[in-house]
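One structure is given here, and the rest of the page talks about it.
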Amino acid sequence: MKYTFTPKALKNKDIATVTLATTASDVTVRTSDGRTVIELGVGKREEMTRRKLVNVIRKIVSLAKAANKKKVALDFFDLVFPHLHMTPTELGEMLSTNLEMANFEFVKYKSKPKEGWSTLAEVVVLGKLGSDVEKAVRKGKMIGEEVNKTRALANTPGGAMTPAILAQSAAEAAEGLPITTTVLGVREMEELGMGAVLGVGRGSDEEPKFIVMEYFGGMPDEKPVVLVGKGVTFDTGGLNLKSDTNMYEMHMDMSGGAAVIHALSLAAKLKLQKNVVALVPAVENMPSGSSYHPGDVLQGMSGKTVEVLNTDAEGRVILSDALCYAQKYKPRLVVDVATLTGAIHVALGAHASGLFTKDEELEGYFRKLGEESGDYLWPMPLWDEYESEIRGTFGDWANTGKSRYGGAINAALFLYQFTKDEKGKEAYPWVHLDIASRMTSADGEYLAKGAAGTPVRLLIKLLERF
Ligand code: BES
Ligand code: MN
Ligand code: ZN
């Protein structure tokens, strides 16, 4: 979308002007001498919250689309709510990020209608704004576009998204940027002893890949932040095959991988002076004559063994090798992002991802990042009490819990084991985000159906500040 800035209202007939009405909570569309004015009721101004404002901004796009307009004008100061304590640049960034997100539709596989797509082409921001605000709007646009690229990648059907294609997409996301992308194949993974990734990947005709992206924009001696993303390009469940309803949407099981790939490329585009690494173990989880079986014991890169109780708990298995690989960077922080469990969806519903960390300070820090970015997080326990659930009988750690309760916690505690070094000490500060609950957009968010692109907005704030 194009953004233009002007202090005065425009009178062009092709522009829909949006104003916020403070008393009503409904929408009125008026046309006088051929011009369209959309009055968007937002209720009492003092009752506005940051969360509501995100949806108000997105609703502007859906109203303009419904009015068949390609251009929309809005007064920046209409969106200023002093009690929200947002700086003008913060608001500018939030504005364009969410306009972009609301304007996205995944139309790659649809025939173009005669009248064209309904997406907006231009936003005119009215008001006397400093150049810093205009800059923030342009930055927010970049963030929104990167979120949308993440969504497009995740939305790509399983038949068109293999580990090799995901690796190719990572290379494309890095194109023209100071990023080194390395893709490990089966041979290299064998040499590293990555029996966990290889074990899960065995059932597929598509060979697993291990994607490594490095962006070193910081000082040479600065330890990197490592982002780890689950890259299951399709999750059938393997021999523990999923049912039809549960298998639907499992082409999006690489959403975490897509998010870390694009967060890293965004960090490079924004020229952040930080060192960042993204790791994505990429596999297809399939049932076949060569699949790993329930009961198999896999030995991963750490040397610890994994007893496979359920081949559908594959995400934690492949991530165990990635968390071990991460240790070689001596990271300042490792954040893994994964559509890991249906249980987190049960626990939190559709409006937050699960936040797991042993570090209380990081927990608070991430919750705040969640509120500020719009990628909302809610803390979950990682207590020792749950560890007995995942102790193996014939291997060191079992990939599912013994009971049907606390599934998201059991998965997180499994991952935790692989953040430790060979002496059993935590190798780095670690945060796990279970984004299964936020894999797709929820009703009332004014986002197109399909992948939600979480948590790119949060990760870029993290990389900027941490
Ligand atoms: N990819 C799924 C989790 C998932 C479910 C993500 C729904 C998004 C939407 C994961 O690999 C999985 O299958 N988890 C199992 C674990 C179980 C077998 C212990 C689950 O959640 O049922
Ligand atoms: Mn699974
Ligand atoms: Zn999965």
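In case you wondered, yes, glycine gets a Cβ from its N, Cα and C as well.
TrEMBL has this to say about the protein:
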type	residues	note
BINDING	Lys230, Asp235, Asp253, Glu314	Mn(2+) 2 binding site
BINDING	Asp235, Asp312, Glu314	Mn(2+) 1 binding site
ACT_SITE	Lys242	active site
DOMAIN	310-317	domain 'Cytosol aminopeptidase'
ACT_SITE	Arg316	active site
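Locations of recorded TrEMBL features on the structure.
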| residue | record | DSSP (3 states) |
| --- | --- | --- |
| Lys230 | Mn(2+) 2 binding site | coil |
| Asp235 | Mn(2+) 2 binding site | strand |
| Lys242 | active site | coil |
| Asp253 | Mn(2+) 2 binding site | coil |
| Asp312 | Mn(2+) 1 binding site | coil |
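Checking each of the recorded positions (Lys230, Asp235, Asp253, Asp312, Arg316) against Lys242 (active site), the C-alpha distance stays within 10 Å for Asp235, Asp312. Here Asp253 (Mn(2+) 2 binding site) comes close to Lys230, Val232, Thr233, Phe234, Asp235, Asn285, Gly315, Thr339: these same-chain residues lie at least six apart in sequence, with C-beta atoms under 8 angstroms from its C-beta. Fewest other C-beta atoms within 10 angstroms, among the binding-site residues Asp235, Asp312, Glu314, are seen around Asp312. Under 6 Å, Cβ to nearest atom of ligand 1: this is the test, and of the recorded positions Lys230, Lys242, Asp312, Arg316 it is passed by Asp312.
Proximity to ligand 2 (Cβ under 6 Å from any of its atoms) holds for these recorded positions out of Lys230, Asp235, Lys242, Asp253, Glu314, Arg316: Asp235, Glu314. Neighbours of Lys242 (active site), defined as other CB atoms within 10 A of its CB across all chains, total 16. The Cβ of Arg316 (active site) has 28 other Cβ atoms within 10 Å, all protein chains considered. A Cβ distance below 6 Å to any atom of ligand 3 is met by none of the recorded positions Lys230, Lys242, Asp312, Arg316.
A Cβ within 8 Å of the Cβ centre of Asp235, Asp312, Glu314, the residues given for Mn(2+) 1, is found for these other residues of the same chain: Val200, Val232, Thr236, Gly237, Gly238, Asn240, Lys242, Met250, Asp253, Asn285, Thr311, Ala313, Gly315.
Counting every protein chain shown, 31 other Cβ atoms lie within 10 Å of the Cβ of Lys230 (Mn(2+) 2 binding site). Confidence across the domain 'Cytosol aminopeptidase' (310-317), taken as the mean pLDDT and rounded to a whole number, stands at 99.
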